Amino acid sequence: MDGLNTLLLLYGGALVFLMHGGFAMLEAGAIRSKNAMNILLQTVLDASCSALMWYFVGFAFAFGIGDKPNKFIGNAMFALVDIDTHNTGSGTGKWIDWFFQWAFAATAVTIPAGAVAERFNFNAYLGYSMFIGGWVYPIIAHWVWCIEGWLGYGVIKPFINAGMIDFAGSGVIHMTGGLAGLIGAIMVGPRLGRFDADGKPVDMPGHSAILVVLGTVLLWFGWYGFNPASVLLINSSTYAIVCGRAAVCTTLAGAAGGVSCLIFGFARHRGWDLVGLCNGILCGFVAVTACPHVIYPWAAIICGLVAGLWFEFLCWLLLKLKIDDPLSAGPMHFGCGMWGVFFTGLFARQQYIQEYYVHGPSAAGELSKPYPWGAFYKGYNADGELVMSDGKLLASQIVGILVIIGWVIGMMVPFFGIFKFFGALRIPPEEEEMGLDRSKHGGSAYNGTGANTLGGLSPGNDVMRNNSPLGKVLPVTA
């Protein structure tokens, strides 16, 4: 049966890694063509840097359980030394643990790219990618997901005998990455021309709706590894049921989020917005990632619907505050991730919690009976009486939100601040006007065609044509 569990994590990890392709397409399509190569490079760089940092220190900080474990940080298996003799606490093979958890770490690392797109210094981005992958994210993962941590529901001694439920990372991954990106966007400042002299936002549409849709569909597909495979084990009927429930609730939340944003956009602008639909779908997925295994399907629909509306409000708020986030990564990942963590404290069902956290792979904890559940439900106490929730789970979810916010701000503000102090956070204005592809990467993402607006590709970009090797040999026609 260990082989079956390994297959689940191998398949799930591969799907999660495929989400990098989704992020690449989504981000490239949602920005201007002159910066497409830059953001594609950053996405691939995130996968590479996160893998190396996860190997040397990240996995050890997150899941390393040495002879003297502690609740703050892991302390074993650096560079996978002695991995065969140490416990990772998941109940699955240690080697496949590394691969599966790296795929999640890489996701947290790549989320901020969209928030700082089109004006961020590449050297600063390289440093950020290594810093969050090797330090910021692993510490939060240790607190919530390692059995020796202190904040998660399934740890040995959870916070207030309840702990925070974050199944696949609405908080650990999406809040972390989204808030890091939002901090970066604030500190680097808006793109040139994003706001006019009166402070009103100026539209800067992306160049390809085709890429945005392709990226969204790839991310949707990858989320079936992100959430269902986070059950970690599949060698019993109980685990199989939890895995299936996670898939159903993930689907419904994403669908509801998309419809929510689509209808809201029509009500505001009297038009059906394709990009808004795509954003809403992803918002629903981000929010439900905390709890698809412990909620009813109808609750997943509520989660997605509210996530879409919350996202739209946060996007409006950022513009009012003159914060430029080209991909809306802050509202989507930080905002909707926060909503998902809070939502879990309201709608987590006691029976489903017991199925997974009492008898499942996270059953190491000393949870006090009757196992804390969502605040909106009744459940059975230790005496077998049907009573309302005592609020412990909701309190733990709120503490988890505050802890993640505090940690990310405490780490990322000084980090970005150092680069800004030395003038290395933002590219010069002339390079920004030219575009990062030409100024930093020696070419364009497109050969022979230009891509100027969110309607798709358009011919006639002489700069890109003249930079193409083919353009120097073959005659160029409009």
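Placed from the backbone N, Cα and C atoms, the Cβ positions cover glycine too.
Taken from TrEMBL, the feature domain 'Ammonium transporter AmtB-like' covers 9-446.
Among the features that TrEMBL reports, transmembrane segment is placed at 6-26 (among others).
The transmembrane segment annotation in TrEMBL covers 38-65 (among others).
Under the heading transmembrane segment, TrEMBL lists 99-117 (among others).
TrEMBL lists 124-145 (among others) with the feature transmembrane segment.
Per TrEMBL, the feature transmembrane segment maps to 165-188 (among others).
Annotation comment: TrEMBL describes 209-226 (among others) as transmembrane segment.
Taken from TrEMBL, the feature transmembrane segment applies to 238-264 (among others).
The transmembrane segment feature in TrEMBL is assigned to 296-319 (among others). Sequence-distant contacts of the transmembrane segment (296-319), counting only residues of its own chain at least 6 positions beyond either end whose CB sits under 8 Å from a CB of the stretch, comprise 201, 248-250, 252-261, 264-265, 279-280, 283-284, 286-288, 325, 328, 330-332, 335-336, 339-340, 343, 347, 349.
Residues or ranges marked as transmembrane segment in TrEMBL: 331-348 (among others).
Panel annotation: around the transmembrane segment (398-419), residues 121, 124, 127-128, 131-132, 135-136, 139-140, 143-144, 151, 159, 164, 166, 171-172, 175-176, 179-180, 183-184, 187-188, 338, 341-342, 345, 425 of the same chain, lying at least six beyond its termini, place a Cβ under 8 Å from a Cβ of the stretch. Per TrEMBL, the feature transmembrane segment maps to 398-419 (among others).
Per-residue pLDDT, averaged along the domain 'Ammonium transporter AmtB-like' (9-446), amounts to 93 for this model. Sequence-distant contacts of the transmembrane segment (99-117) (same chain, six or more residues past either end, CB-CB distance under 8 Å): 9-10, 12-14, 16-17, 19-20, 23, 26-27, 30-31, 35, 38-39, 42-43, 46-47, 49-51, 54, 58-59, 62-63, 125, 128-129, 132-133, 137-138, 141, 168-169, 172-174, 176-178, 180-182, 184-185, 188, 225-226, 229, 325-330, 333. Stretch with the most C-beta contacts under 8 angstroms to the transmembrane segment (6-26), considering only 38-65, 124-145, 165-188, 209-226, 331-348: 209-226. Sequence-remote contacts of a segment are chain residues at least 6 beyond its ends whose Cβ falls under 8 Å from one of its Cβ atoms, and for the transmembrane segment (165-188) they are 104, 107-116, 119-120, 128, 132, 136-137, 140-141, 144-145, 152-153, 226-227, 230, 246, 286-294, 323-325, 329-338, 340-341, 344-345, 348, 353, 357, 393, 396-397, 400-401, 404-405, 408-409, 412-413, 416-417, 420, 425-426.
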